[in-house]
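As structure tokens, the structure follows; a few thoughts come after it.
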């Protein structure tokens, strides 16, 4: 930690009157630079990083998730990375439980937690809380899966739209797991998933003094360029070999949450002979762009975000140092 930031750290960490413990939420679209800023905050402030990423929880999925490298993790450890095998499920409720425990652990050490990632549903559930919607029923799930094999997931998505249009509007017609879960909840309870979510509880928004920062480019075209460049870099780094190792295990399939992760689904189809290499690349980039679009939709409705742009008003790229200084300056204002 730089000595010049010690005073800032002391102000951020020290209790002051009725002020709640500080927690930093660092969000943004994919490929925007969240990891770099999180590592910088660790170096500058001694903050502890908690990953908020539904794909990085899986072991042996490193390149395609843009997981921090071994050297980066040695420099700035990330919690909630590599905690599940790709064959295992990891729910939103699992994340909320684990993240709450990590935040408490970090505060007990007198440090500041930085929750960094792009899985917006995780952030929303952690801050606003989870509802007590019914647990999964294997028999009901099996019935839905049987119908899907006969009718196709788009048909079941249309059915979901007829009973719960709000939930269906936020789910892609081919996102089997989410369609299945939403229909399952409706069949079991007779109540829409959107109605259950309206009864959320146990959120942390009022438990901590949240500093909520979004790092993003001013222009979407820059993000699209970075997405394409990063996907090509992943391919050069051996992404296909990484997915091939998962494919050859024979205990994973394309309907599992791990393999549905952006990029992995497209590479899986390539290895299965469903698409060509060029088609895989195009679809992988397109899927990542769609992910960024969905993330921006969440972010635009997020109240209380401090936007830190990676470009100036003339669309020129800012240096890493300039971006970090923007974040530190905003944090300093919060202590006044």
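The backbone N, Cα and C atoms fix where each Cβ goes, and this holds for glycine too.
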Region 'Interaction with substrate tRNA' range according to Swiss-Prot, out of 53-56, 57-60, 61-64: 53-56
Secondary structure of residue 35 (ATP binding site) (DSSP, helix/strand/coil): helix
Beyond the site residues 30, 31, 32, 33, 34, 35: chain residues whose C-beta lies within 8 Å of the centroid, for substrate: 28, 29, 36, 66, 118, 215
Secondary structure composition of the region 'Interaction with substrate tRNA' (53-56) [DSSP: H/G/I, E/B, coil]: 0 helix, 0 strand, 4 coil
For the ATP site built from 28, 29, 30, 31, 32, 33, 34, 35, further residues of that chain with CB within 8 A of the site's CB center: 118, 215, 216
Spatial neighbours of residue 28 (ATP binding site) that are distant in sequence (at least 6 apart) but have CB under 8 A: 34, 118, 214, 215, 216, 295, 299
Under 8 Å by Cβ from residue 141 (site 'Interaction with substrate tRNA'), counting only residues of that chain that are 6 or more apart: 180, 184
